[in-house]
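Student: Below are the structure tokens for one structure; questions will follow.
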Amino acid sequence: MKSESRRRSLEEPPHTPPPAAAGSKMHHCSDCGKSFTKIAVLKRHQRIHTGEKPYHCDQCGKSFNCQCDLKRHQRIHTGEKPYHCKKCGKSFTHQSNFRLHQRVHTGEKPYHCEQCGKSFNRQSSFKRHQHIHTGEKPYHCEQCGKSFNCQSHLKIHQRIHTGEKPYYCEQCGKSFTHQSHLKIHQRIHTGEKPYYCEQCGKSFNHHNTLKVHQGIHTGEKPYECVQCGRSFRLKKLLQEHQRVHTGEKPYPCEQCGKSFSAQSALLRHQQSHTGQKLYICGQCGRSYVYQSSLRNHKCSNIQP
């Protein structure tokens with residue numbers, strides 16, 4: 001009997017239970033046709049269409065259409081961060097942010113670019129990246145019409161027009177439009193110079209300054225004048241040189257009105273008005289306004 005019942009159970013098709021929603025009444029949204037099993041969920045959904053926001057924050061007056069959204073918002077005021085990372089101890093206000101953070105530890109990057117194969121741990125980062133391939137720049141500056149592929153880049157750009165400098169140095173009070181510029185500036189106060197030259201051991205507080213310095217060792221002169229082909233180690237020197245061709249002299253002397261193509265030339269000229277003699281002969285002590293005059297000086301104290 002046991003073997004017979006076992007054989008029958010094997011031959012009979014397995015019984016499939018009815019779906020959870022079977023027999024339950026469906027509630028439909030008259031605005032968009034979306035269906036819900038619970039009327040409470042339908043009512044919450046309908047607030048999207050009506051714009052009703054019955055849940056208010058006592059702290060700032062902001063309103064929400066869902067109580068759970070209000071609770072999440074209130075953590076801004078209370079400082080509560082109930083989601084803790086066991087790996088590094090970092091805490092988060094929202095569960096979604098906590099889940100995104102965990103990918104830092106797991107290395108998970110579920111968003112893949114079909115164009116170049118690059119992967120991302122955030123959908124927003126992936127979408128931003130795609131603009132590189134499409135050339136799309138959906139964020140436009142209303143002031144000047146310039147476009148950007150990233151909203152954060154537009155916000156930073158807009159500070160040019162507004163003059164906003166939200167990053168303040170607590171040491172000297174100087175303010176900056178970019179957080180990265182503040183960090184670089186702070187190294188003046190801390191003395192930090194994290195960029196080292198492997199050739200001579202000299203250190204610098206900015207990566208670009210190190211690159212410029214390395215040109216001394218390599219002899220590299222990457223800035224070339226299209227007019228005459230002359231090359232320069234610094235972009236600033238190329239810009240000064242180009243004024244030879246354009247005739248531009250943007251540095252005027254306030255004393256006599258004479259203009260100069262380079263600021264250094266103006267400073268040298270201004271010494272003629274002040275009478276300051278910075279160039280001194282080490283042999284006889286005679287001083288000169290111009291370095292060229294010192295070079296031409298024939299000191300009688302030098303023995304033939």
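Residue 1 is the first one shown; counting continues down the chain.
Just so it is clear, glycine is given a Cβ too, placed from its N, Cα and C backbone atoms.
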Student: Suppose you had to name the range TrEMBL annotates as region 'Disordered'; which of 1-27, 82-108 would you pick?
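Tutor: Among 1-27, 82-108, the range TrEMBL annotates as region 'Disordered' is 1-27.
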Student: Quick test of the contact rule: Cβ under 8 Å, at least six residues beyond the ends. What residues does that give for the domain 'C2H2-type' (83-110)?
Tutor: 72, 75-76, 119-122
Student: When the domain 'C2H2-type' (251-278) is classified with DSSP, how many of its residues are helical, how many are strand and how many are coil?
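Tutor: In the domain 'C2H2-type' (251-278), the DSSP-based counts are 12 helix, 4 strand, 12 coil.
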Student: Using DSSP, what is the helix/strand/coil residue split across the domain 'C2H2-type' (167-194)?
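Tutor: Residue counts in helix, strand and coil order: 12 helix, 4 strand, 12 coil.
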Student: Are there residues at least 6 beyond the ends of the domain 'C2H2-type' (111-138) whose Cβ is under 8 Å from a Cβ of it, and what are they?
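Tutor: Distant contacts of the domain 'C2H2-type' (111-138): 100, 103-104, 147-150.
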